[in-house]
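Listed features, source TrEMBL:
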type	residues	note
BINDING	Gly20, Ser21, Gly22, Lys23, Thr24, Thr25, Arg127	ATP binding site
BINDING	Thr24	Mg(2+) binding site
BINDING	Asp42, Arg66, Gly88, Arg145	substrate binding site
Amino acid sequence: MIQNSVPYKEKSIVFIGFMGSGKTTIGEAVAKKLYRDFIDIDQTIESEYGLSVTEIFNQYGEEEFREREKALIKKYSLHRLKVISVGGGAFLQEEIRNTCLENCIVFFLDLSWDSWKDRLDILVESRPVLQGRSIDDIRELFYNRKGIYALHNSKLNTDDLNVEEVSQYVIDSLKTSWELYN
Ligand code: S3P
């Protein structure tokens, strides 16, 4: 659990990126290829509460969700050999950024606004942060968030790539870094 003594190859991998950028799907695929456990922080919170993220926001408030998100990420980022997907707002919290960047390999799944905006309709119901916002507000949020995702170890633009292509790219890039830094 003391990360400085954890070999680079055993560090957990954290996926960051905007809502609906495929962090859960890619995280699961990468975990399977690496024979690692996969942890989705939003799903963990949802099962703890027995509620969806939208319901948690409505019943308990965003602040409580963010506290739980922080506590879980601080805990799991200290584990070895995991693949972790964190919500798109997690990196807004400095403590989360710090623990992930200090203890894990952080992978940013990027995509262009043009590719992302077509996903809005299927995302809005399950993403309280998008609800009640105009498309212009959402575009602004999308570009503002790029600033926090800029803090990463590795990045891939996923426009036009399928799940297999993205997960294979991630694995290849991890293998290269394991060879370089081991
Ligand atoms: C959020 C992103 C969501 C979820 C919550 C808040 C955000 O996760 O954590 O609705 O603020 O960007 P996904 O990025 O998995 O959609």
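The backbone N, Cα and C atoms fix where each Cβ goes, and this holds for glycine too.
Structure with TrEMBL features highlighted.
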residue: Gly20; record: ATP binding site; DSSP (3 states): coil
residue: Thr25; record: ATP binding site; DSSP (3 states): helix
residue: Asp42; record: substrate binding site; DSSP (3 states): helix
residue: Arg66; record: substrate binding site; DSSP (3 states): helix
residue: Gly88; record: substrate binding site; DSSP (3 states): coil
residue: Arg127; record: ATP binding site; DSSP (3 states): coil
residue: Arg145; record: substrate binding site; DSSP (3 states): helix
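Among the binding-site residues Gly22, Asp42, Gly88, Arg145, the ones whose Cβ sits under 6 Å from an atom of ligand 1 are, in sequence order, Asp42, Gly88. Most buried of the binding-site residues Lys23, Arg66, Arg127, Arg145, judged by other Cβ atoms within 10 Å, is Lys23. Nearest in space to Lys23 (ATP binding site), taking C-alpha to C-alpha distance over the binding-site residues Asp42, Arg66, Gly88, Arg145, is Gly88. Cα of Gly88 (substrate binding site) to Cα of Gly20 (ATP binding site): a distance of 8 Å. Across the structure, Gly22 (ATP binding site) and Asp42 (substrate binding site) place their CA atoms 13 angstrom apart. Counting in whole angstrom, Ser21 (ATP binding site) lies 14 from Asp42 (substrate binding site) by their C-alpha atoms. Here Asp42 (substrate binding site) comes close to Thr24, Val53, Glu69, Ser85, Gly87: these same-chain residues lie at least six apart in sequence, with C-beta atoms under 8 angstroms from its C-beta.
Neighbours of the ATP site: apart from Gly20, Ser21, Gly22, Lys23, Thr24, Thr25, Arg127, residues of the same chain with C-beta atoms within 8 angstroms of the site's C-beta centroid are Gly17, Met19, Ile26, Ser85, Gly88, Leu109.
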